[in-house]
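What TrEMBL says about this protein:
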- A:9-33: transmembrane segment (TRANSMEM)
- A:61-266: domain 'ABC transmembrane type-1' (DOMAIN)
- A:65-87: transmembrane segment (TRANSMEM)
- A:99-119: transmembrane segment (TRANSMEM)
- A:139-162: transmembrane segment (TRANSMEM)
- A:191-213: transmembrane segment (TRANSMEM)
- A:245-265: transmembrane segment (TRANSMEM)
- A:300-323: transmembrane segment (TRANSMEM)
- A:353-377: transmembrane segment (TRANSMEM)
- A:354-546: domain 'ABC transmembrane type-1' (DOMAIN)
- A:389-413: transmembrane segment (TRANSMEM)
- A:425-445: transmembrane segment (TRANSMEM)
- A:474-493: transmembrane segment (TRANSMEM)
- A:529-549: transmembrane segment (TRANSMEM)
Amino acid sequence: MQSSLFKNYVWLGMGLALALLGMLVLAPLLIVFGTSLYTDQKLDLLAPLQIIRQSELSEVLFNSIWLGLCVIAATTVLAFPLAWIMAKTPLRRHKWLDIVLLIPFMTPPYIGSMGWMLFMQTNGYMEQFIPASKAITPAFFSFGGMVAIMSLHLFPFLYLLLRNALLQIGGSMEEAAAVHGGGFLYRLRRIVLPLLLSSYVMGSLLIFVKTIAEFGTPATFGRKIGFYVMTSEIHKYISSWPIDFGKATSLASVLLAACLVMWYIQSTISSRYSYRLVGGKGAIKQTATMSRWGRILCSLYIGVLLLASIGIPYFSIITASLLKLRGVGLAWDNLTLQHYVELLTPGSSSLNALLNSFGLSIVASTIAVVLGTWFALTVQRSRTPGQKLVDLFSLLPNTVPGIVIVVGLILLWNAKWMPIPLYNTYGMVVLTYVILFLPYTVQYVKASYGQIDPMLLQAGQVFGGRRLYVLRRILLPLLLPGMLAGWMMTFTISNRELVASLLVLPPSMKTSATYIFAQFEQGEVSMGMAMAVISVGITTVLLLAMNVFSSQQKVE
Amino acid sequence: MKLAKKGMMLALTAFMGVSLAGCGTAASNGQASSEASASPSAPAASTAAEQPQQTEVKLSGSVVVYSAGPEGLANKIKEGFEAKTGVKVEMFQGTTGKILARMEAEKSNPAVDVLVLASLPAMQGLKEEGILMSYPEAANADKLIADWSDKDGQYFSYSASALGIVYNTKLVQTPPASWADLAKPEWNGKVNIPDPSLSGSALDFISGYLSASGDSGWSLFESYKQNGVAMAGANQEALDPVITGAKSVVAAGVDYMAYKAKAAGEPVDIVYPKEGSVISPRPAAIVGTAKNADNAKAFIDYLLSDDAQQMVTGAYLLPGRSDVEAKDRASVDEIPTFNVNWQWMNENSDSVTTKFTQLFK
């Protein structure tokens, strides 16, 4: 069944992949886990369980899981129509939307939450515009508001996966159904949805994991409404006196277990419902014909979505970055560009932080794409136990709160016996980013690979193509969109990574995210917001440029 | 839509600015840092000679400092020390909690030489663990306010802040005069208090109040809870909503942040209730595993020097030395304080934090 393309290298590649993942991902986690078993210098295998019993964990765990499920539901509602519009209607020619929709994802979650809070709070921007809104704004500070904020932040992720999958379902299958008399709803139910299921399950799993491993929003918004989740508890044990790694790691193990259950469900579903869609026959890109009203409705949907996910938070963020005095509020004579001038002064620590961030992210995402593609090709359709292990390990960083991995990495790379002096260097930061964001490339490439029919590779061989030739001319070009998406994701997220950066950056070194965080801690909110605007702005421009470049390549 | 566009335009212009400016600085910066360590240190030699104690050590190399805010002050001290001694300061800045977490993670192979924290009980805890280095001959240590620093010379409180009631002057005409006032109906839902698990100074206030008033002290915080007082992150997170007008008052707010915001023109001010408050010292210490012990000692000397003490007062903090006067703020003798028991506070900080956060969750 499987092509013999890699047969000889499979075992070697698998062994290497497992060894590398073992060192990069598994070892730090094992060290953390080991630490959680050692209480008071002696081994106690039951320590995690006891801590979990003591610390009123059930409520917090329930909160986490419930939040994750609600965010899946909300992101689905937001992302599905959008994916359909951007794959099947004439509106899909607006390619810039893909980049713009990454903006919520590029925004550090705690910045986004702060934007919402500044907008909705008592005497906030909304009340300053419309005093009558006082009646509704308090309702926002609730569980529903938290789900809304997190979903508006995460939905682009699900959208990209769904849209790519929809594009892969070539028009021909739907056309065939239509020719045989299938109506729109019938085609949706019997063809599109089943074919989408695998991508959807994968996407929603990642949404779930991102949600329950997220720290920024619970730390800002959740704390305000008294909604506590696992990550905020873990962070408490790990960053406030007295530090208790034992408790933190015990909680992390529970979080990990919850995620593994989800992973198991996902892999069962997706292995049962995955189909090969990219065949040799040219796929006809079918565009639904659309009435004027339909078009207006779709545009309206996109408009409202952009307003809620970008417009409102960025209105707050930009406004806050322009205010002379935050206590005075919205007034023309209270606006200034001074913070931007200060931020971009040559030689300033803020400019250095900005450049640091970009340098680190570019290096990290490039390494991550190379490793991630390799692992994804090793995993393939995850049939053998070895493949399943690679799959699991490469997904682990996404299922464990970043802070736990980072602690493990520090324990490992700063150990007395460690011969490679990586700790307290740039290399350590790059390594941390690569490990944390590896799952993105793996997922994207896996999704692309899963839909390539092996017949294509076999055809290449039948016509005398050698392995490398087939790899270079058939497989890689087909995987490229997935790799590019993985690179972009990794670049974007590592550019705004906060929790890890706080812990592994060498002293005296800052990234834009740690700079922003420090400004908030120091009460220089305007400076922090200005930095957020600039770093997200530059990332967006870079991605736009890359997008233009890659679409030009396609034309050639 | 329109707003998003506007943001994009702004971001675009900003990007142009950065990319132009970026080219110029990257190279020159690298140069500057490599030169810094080589620069001759004439002033260092002369001041070292003035100091009465010890054999003269020619300082060079670097020192690793983990420092809790305020950032502006930490940067000034770093620059001043580098200029004076020629020693390069590698500084990690974070809250007390983050610094301790980093130390814990680095336990097997510590990188830090000097610790500057914002919480005395945390430093006392480190002393009890036996990981601090004793340096009783620190210059000017005899001039420090004795109650705040260690008798054995293991830590030195080079500065302090006091806790008070910070309020928004646009929303509050008559500020509350006593801690108990905040439990009155007029303040219902309008008060923030920092989270003691995130703010060392808030913990100092809560445990200090309890150590002075005994178990009955909890009734104050219970009445706060009933009046809708919200527990809101670390100090700045508790203060920000008061600056923007979302809340009216911070209970147990750190005073230097309030003075700083007030000096910038924000509508905030602070009162210290008559029945007393807590002054929270900010200690510095050398870690026993310090690889650059001589530089670390020089850094402590510098923190206690006239220069650094002036920087401390410039940041609206209380100076740690009794012979230096506070500037643009209430001084130590103007702030009524409880009769607090630091030993009790150190021993009970954990249980107080737990009980308090449970109460306010």
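All residue numbers here begin at 1 and follow the chain in the order shown.
A Cβ is built for glycine as well, from the same backbone N, Cα and C atoms used for every other residue.
Below 8 angstroms of C-beta separation, residues 102, 105-106, 160, 164, 278, 361-362, 364-366, 368-369, 372-373, 376, 433, 437, 440-449, 452, 456-457, 460, 465, 539, 542-543, 546, 550 of the same chain, each at least six residues beyond the ends of the transmembrane segment (A:474-493), sit close to that stretch. A Cβ distance under 8 Å defines the sequence-distant neighbours of the transmembrane segment (A:99-119), meaning residues of its chain 6+ beyond its ends; these are 82, 125-126, 140, 145, 149-150, 152-157, 159-160, 214-217, 219-221, 224, 306, 309-310, 312-317, 319-320, 488-489, 492-493, 495-496, 498, 513, 516-517, 520, 528-529, 532, 536, 539-540, 543-544, 547. With pairs at least 6 apart in sequence, the transmembrane segment (A:245-265) and the transmembrane segment (A:353-377) have fewer than 3 Cβ pairs within the 8 Å limit; the two do not touch. In terms of C-beta pairs under 8 Å, the stretch of A:65-87, A:191-213, A:300-323, A:389-413, A:529-549 lying closest in packing to the transmembrane segment (A:139-162) is A:65-87.
Between the transmembrane segment (A:300-323) and the listed ranges A:9-33, A:65-87, A:425-445, A:529-549, the one holding the most Cβ pairs under 8 Å is A:529-549. Across A:9-33, A:191-213, A:389-413, stretch A:191-213 shows the highest tally of CB pairs under 8 A with the transmembrane segment (A:65-87).
Counted over residue pairs 6 or more apart, the CB atoms of the transmembrane segment (A:9-33) and the transmembrane segment (A:529-549) come under 8 Å in fewer than three pairs, which marks the two as apart. Long-range Cβ contacts of the transmembrane segment (A:529-549) within its own chain (Cβ-Cβ under 8 Å, at least 6 residues beyond either end) map to 95-96, 98-100, 102-103, 106-108, 111, 314, 317-318, 320-321, 339-340, 343-344, 350, 353-354, 357-358, 488, 491-492, 495-496, 512-513, 515-516, 519. Residues of the same chain lying 6 or more positions beyond the ends of the transmembrane segment (A:389-413) and with a Cβ under 8 Å from any Cβ of it are 14, 17-18, 21-22, 25-32, 35, 206, 209-210, 213, 215, 230-231, 234-235, 238, 245, 248-249, 252, 255-256, 259-260, 263, 267, 372, 375-376, 378-379, 382, 420, 422-423, 428, 431-432, 435-440, 442-443, 446, 497, 499-500, 503-504.
If you look at the transmembrane segment (A:425-445), the same-chain residues 6 or more away from its ends with a CB under 8 A from one of its CBs are 24-25, 28, 202, 206, 360-361, 363-365, 367-369, 371-373, 375-377, 379, 391, 394-398, 402, 405-406, 409, 413, 479, 482-483, 485-487, 489-490, 493-494, 497, 500-501, 504-506, 509.
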